[in-house]
Amino acid sequence: MSIPNDIQITADIVANHGLSSDEYEKIKQLIGREPNFTELGIFSAMWNEHCSYKSSKKWLKTLPTTGTRVIQGPGENAGVVDIGDGQAVVFKMESHNHPSFIEPYQGAATGVGGILRDIFTMGARPIAAMNALRFGAPDHEKTRHLVSGVVAGVGGYGNSFGVPTVGGEVEFDARYNGNILVNAFAAGLADTNAIFYSKAEGVGLPVVYLGAKTGRDGVGGATMASAEFGDDIEEKRPTVQVGDPFTEKRLLEACLELMATGAVIAIQDMGAAGLTCSAVEMGAKGGLGIELDLDKVPVREEAMTPYEMMLSESQERMLMVLSPDKEAEARAVFEKWELDFATVGRTTDDLRFRILWHGDEVANLPIRELGDEAPEYDREWVTPPAPAPLGDIPRMDVGEAVLKLLSSHRFASRRWVYEQYDTLIGGNSLQTPGGDAGVVRVAGHPTKALAFSADVTPRYCEADPFEGGKQAVAECWRNLTSTGADPLAATDNLNFGNPQRPEIMGQLVKAIEGIGEACRELEFPIVSGNVSLYNETNGRAILPTPTIGGVGLLPDHANMARIGFAAKNQPILLVGAPAAWGKHLGQSAYMKDLFERSEGAPPPVDLQHERRTGDFVRSLIRSGMASAVHDLSDGGLAIGLAEMALASGIGAEITALEGCDPVEVFFGEDQGRYLVTLSVDPQDEALDKLWQDAEEAGIFAPWIGTTGGTDLTLGAAAPLAIEDLRHSHEEWFPRFMSN
Amino acid sequence: MKARVVVTLKPGVLDPQGQAIEGSLGGLGFTGVSAVRQGKIFDLEVDATDAEDARSKVDSMCTRLLANTVIENYSVEISE
Amino acid sequence: MKARVVVTLKPGVLDPQGQAIEGSLGGLGFTGVSAVRQGKIFDLEVDATDAEDARSKVDSMCTRLLANTVIENYSVEISE
Amino acid sequence: MKSAVVVFPGLNRDRDMLAALESIGGIPPVTVWHKETGLPDVDLVVIPGGFSYGDYLRAGAIAARSPIMQAIREKADQGTRVLGVCNGFQILTEAGLLPGVLMRNASLRFVCKTVRLKVENADTAFTRGYSAGQIIDCPVAHHDGNYFADSDTLDRVEGNGQVAFRYAEGTNPNGSLNDIAGVFNEAKNVLGLMPHPENLIEAAHGGSDGRALFAAALDQVA
Ligand SMILES: Nc1ncnc2c1ncn2[C@@H]1O[C@H](COP(=O)(O)OP(=O)(O)O)[C@@H](O)[C@H]1O
Ligand SMILES: [Mg+2]
């Protein structure tokens with residue numbers, strides 16, 4: 001791409017950069033002239049949806065982002081939350097949807113690499129990762145190839161880098177046929193007095209480039225990530241970014257070593273639109289200008305133009321402002337780890353972003369305006385239509401339905417996926433995938449641990465984005481609670497279609513409102529996040545998918561609950577149940593997966609009830625009374641019980657509920673419910689005390705059955721042998737992948 | 001018929017393996033080594049009526065499985 | 001000088017990749033494919049006085065690093 | 001007993017190994033950087049797991065040619081105990097200190113799960129904390145753990161009692177010949193194994209079957 005820098009900018013060139021003519025006019029007005037080609041590239045990178053959040057900013061501002069423990073909310077590489085004892089957890093989630101569709105292995109790998117970099121850029125050593133994945137219908141021709149590549153890529157990067165992957169989601173739906181979702185989460189631990197930010201301070205200081213060399217990778221990638229796919233997708237392919245976890249691992253060690261020397265004043269990783277976004281951010285935040293000399297940038301290809309260098313998305317690179325008296329010390333660290341280290345510029349006091357190349361000034365732009373003056377849209381939106389009311393409930397034998405659901409793509413064990421991830425590295429994994437949340441011990445502390453979960457139910461969001469947004473938050477909060485953790489804070493990854501369509505914009509607006517309301521009620525602030533729009537192909541959007549990634553703190557992991565039944569002859573309580581135990585079949589898996597019907601409202605989330613119930617369950621765990629805990633979500637009571645039985649090999653017998661419809665009882669997806677088994681003798685007065693406490697808290701916690709045996713007996717239905725359940729549950733994924 | 005498929009990374013695509021090998025060769029005292037790029041080969045036998053037929057079969061194996069044409073190029077040699 | 005090194009598994013050495021690929025090719029409907037073996041190639045540039053010199057340098061790179069001669073054979077081609 | 005942990009760039013289970021050795025041996029091990037040419041005076045040298053040099057080229061190949069390997073070879077020849085776990089095992093085979101090679105898993109996929117191991121030879125400095133035939137739990141986490149050796153080598157390894165651990169029936173996760181999970185050198189002072197005993201040493205890990213290996217290697221058992 002050797003377009004000369006002084007080429008006449010035409011309407012076509014502007015459009016190819018994803019800028020509207022109004023946006024281009026605004027650029028001209030801001031800089032008082034026509035931009036040159038490099039400058040246009042810089043603006044397009046800064047002003048695309050991915051970097052500027054121009055369609056979502058107005059709504060993101062409404063989310064609760066503060067709390068007593070929040071040290072840093074959205075706006076930095078990752079959110080930072082205090083966990084006591086001078087330590088903080090640093091976390092974020094980010095999408096790599098489009099690249100993963102084009103090249104699943106490398107797309108997913110570089111997604112994981114990018115989120116890990118966000119974490120250690122802030123001075124934190126990564127301790128846990130999760131991945132929330134959504135693929136097209138299992139029988140779609142591309143699906144298997146994409147699953148195989150994405151999972152291998154997530155593992156390929158994370159395993160080599162050395163972070164345990166402790167949770168995630170995998171879901172299939174035809175609505176993702178042309179746009180898969182790869183949302184990667186990472187969390188790290190840092191000392192609260194050693195958190196690093198991107199704000200540069202001080203004039204005339206060296207701007208240093210670290211890590212891998214710059215190539216033409218992904219030039220135009222951020223622009224692509226913000227564009228809708230059409231049939232010409234093949235032509236939009238930029239050079240694919242290839243991940244190098246070995247370099248990233250060295251970059252991690254080198255950065256942490258360097259940070260410990262006190263040399264780092266500001267640091268920013270190079271993600272989308274690498275050098276451009278990172279330099280502008282450091283300067284603009286610090287009220288400084290930045291001058292870069294591109295002749296100093298380590299490159300791995302010949303004849304790279306300034307345009308290409310400024311837009312390159314080569315991975316495993318960082319930009320830092322260093323304290324000049326420590327430059328030599330810093331260089332020594334990077335030489336030890338055999339990474340490139342080059343002083344490529346300096347901070348200035350004139351608030352200009354100046355790029356030098358071969359002795360010429362090839363760009364000179366106002367640095368603040370590049371970010372601050374990015375367009376912000378109040379896009380038109382309409383409230384999405386309500387789904388058709390729920391019709392007649394078709395019947396199916398409870399046992400048959402359980403077996404069918406367990407062996408379906410939705411409920412089949414994800415073992416095939418997570419066994420490809422190193423879930424144990426670090427030696428601190430207390431709960432690995434397969435339960436409600438991953439749990440990782442805080443190394444060096446005798447009792448503390450952190451819990452992680454990622455959740456959303458897109459079909460609920462489609463039916464009612466507001467309730468769906470609430471539900472995603474509530475389910476995440478519930479999963480953390482199920483381990484005994486206090487939910488601390490969350491990150492959100494909002495995946496939607498084209499925001500220029502009012503009905504899609506309406507989904508986004510309503511989902512954010514729902515998320516905001518739930519986060520406020522549950523005191524579960526959003527401290528970081530990511531927005532991925534234009535996930536549609538030929539005008540057909542994905543299901544609205546606002547993934548919520550949450551972090552919780554267990555003060556003492558000796559009192560931690562797990563999903564598997566702990567012993568036989570233990571009472572099973574359904575904590576938080578309505579009088580009929582369960583009723584809500586609108587948008588349920590029962591209707592959707594067994595009868596291909598998706599009408600009815602999704603289950604409403606009563607946030608006060610969630611909170612009361614969650615707090616109560618947590619108190620049962622902390623008191624040592626709860627021996628196993630599992631929250632109910634997709635699939636309702638029957639699936640929840642089956643999962644507890646499968647995790648332990650112990651069966652259960654559930655009392656038939658007189659006068660109730662077994663389909664509603666066992667497959668209703670009413671929210672705010674937990675299954676809790678108790679380690680107390682049923683005759684013990686502790687149980688009476690428990691019910692008394694529950695009643696005072698306004699919670700119904702019926703004793704619905706007892707653990708034991710090797711069958712799962714659901715009311716009047718014929719007993720299901722756990723071995724048969726296991727066969728159903730384990731079979732689908734390997735069979736699907738080996739076809 | 002015997003076929004050999006050679007799969008190489010497209011120019012410009014990062015090759016971390018090649019880089020690490022280059023570094024290691026330097027460490028072992030080999031000087032003046034540059035531009036190391038790693039690729040793959042596949043040797044296989046295929047039933048075919050003639051070289052033409054074999055080539056077209058192997059070509060289709062390459063695009064469908066052996067090469068990732070997003071980042072790799074391939075070439076096919078037929079012998080016997 | 002440019003060199004291309006081809007590294008292949010010795011006959012008799014298990015080749016899990018080749019086996020898996022053979023299986024996948026079958027799964028994709030390619031019939032009559034057998035004896036699939038996967039190998040590696042390395043393309044590199046080396047400073048050398050002549051082809052002879054280049055070959056002897058690359059040969060030594062192969063025995064010392066590029067091939068594991070317990071299980072692999074290698075061959076070297078020099079061009080330019 | 002004093003121990004050293006050798007660190008190559010790209011290794012990532014070094015922290016797990018340091019923690020295990022310290023918790024079981026009571027003394028923090030010395031860390032040795034791969035560029036060093038000598039080893040401190042220790043009784044046990046450990047190469048932990050991970051992806052040295054990204055496992056580019058072949059797993060363990062590049063690390064096996066690092067400066068420190070000569071020193072490790074000399075120590076091994078003098079009878080010092082050398083333990084390689086996972087990538088460490090791969091490095092030791094690439095360096096020729098242990099017989100055989102570790103190829104890509106038969107599934108071609110990375111695999112992380114807990115398997116069962118059968119202790120094959122309990123009569124060595126590393127394995128005397130177990131009894132022969134004992135079945136223990138141990139996690140694996142690798143992409144290239146498929147043990148292969150030509151038939152002569154294999155006969156020799158089997159005949160000399162050089163097989164340390166086998167995957168118990170039905171749990172071979174990678175296609176290894178003869179279900180081999182770990183092997184000794186002829187003198188039995190060098191051990192390489194694919195599974196990660198360092199990740200199973202306390203109740204929080206869900207078991208402690210890995211402890212006895214380190215306890216023996218560090219002379220913490222009679
Ligand atoms: N992509 C993935 N990576 C790791 N673990 C996963 C992945 N997908 C699902 N899991 C794990 O499988 C289990 C079941 O997932 P899911 O049904 O979504 O759980 P829940 O309903 O509790 O949110 C969880 O432990 C989850 O962490
Ligand atoms: Mg759950």
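Note that Cβ sites are derived from N, Cα and C of the backbone, with glycine treated the same way.
Within the chain carrying the domain 'Phosphoribosylformylglycinamidine synthase linker' (A:15-54), a Cβ under 8 angstroms from the stretch's Cβ atoms is held by residues 3-7, 9, 60, 222-223, 225-227, 272-273, 276-277, 280, 305-307, 310-311, 353, 355, 362-366, 369-371, 373-377, 499, 531-534, all 6 or more beyond its ends. Look at TrEMBL and you will find A:15-54 tagged as domain 'Phosphoribosylformylglycinamidine synthase linker'.
Residues annotated as active site in TrEMBL: A:H50.
All protein chains shown were included, and the count of other CB atoms within 10 Å of the CB of A:Y53 (ATP binding site) stands at 22. Residues or ranges marked as ATP binding site by TrEMBL: A:Y53, A:K92, A:D492, A:G529.
Feature annotation from TrEMBL assigns domain 'PurM-like N-terminal' to A:75-189 (among others).
The active site, proton acceptor annotation in TrEMBL covers A:H96. A 10 Å cutoff on Cβ-Cβ distances gives A:H96 (active site, proton acceptor) a total of 29 other Cβ atoms nearby, all chains included.
Under 8 Å, Cβ to Cβ, and six or more positions away along its own chain, A:D269 (Mg(2+) 2 binding site) finds A:N77, A:G114, A:R117, A:D118, A:T121, A:S278, A:R317, A:M318, A:L319. Look at TrEMBL and you will find A:D118, A:D269 tagged as Mg(2+) 2 binding site.
TrEMBL lists A:203-356 (among others) with the feature domain 'PurM-like C-terminal'.
Taken from TrEMBL, the feature domain 'PurM-like N-terminal' applies to A:434-553 (among others).
Restricting the average to the domain 'PurM-like C-terminal' (A:574-692) gives a pLDDT of 96. The domain 'PurM-like C-terminal' annotation in TrEMBL covers A:574-692 (among others).
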From the Cα of A:H50 (active site) across to the Cα of A:K92 (ATP binding site), what is the distance in angstrom?
16
Around the ATP site (A:Y53, A:K92, A:D492, A:G529), what further same-chain residues have their C-beta within 8 angstroms of the site's C-beta centre?
A:L60, A:P74, A:M93, A:E94, A:T491, A:N493, A:L494, A:I526, A:S528, A:N530, A:V531
Which of the three DSSP states, helix, strand or coil, fits A:H96 (active site, proton acceptor)?
coil
Rounded distance in angstrom between the Cα atoms of A:Y53 (ATP binding site) and A:H96 (active site, proton acceptor):
16
C-beta crowding around A:K92 (ATP binding site), within 10 angstroms:
28
DSSP-wise, what's the residue breakdown of the domain 'PurM-like C-terminal' (A:574-692) into helix, strand and coil?
50 helix, 16 strand, 53 coil
Rounding to the nearest whole angstrom, report the longest C-alpha distance spanning A:Y53, A:K92, A:D492, A:G529, listed for ATP.
16
Do me a favour and check the Cα-Cα span between A:D492 (ATP binding site) and A:H50 (active site); whole Å is fine.
15
Residue, out of the binding-site residues A:D118, A:D492, whose Cβ gathers the largest set of other Cβ atoms within 10 Å:
A:D492
A:G529 (ATP binding site) versus A:H50 (active site) - Cα distance in angstrom:
12
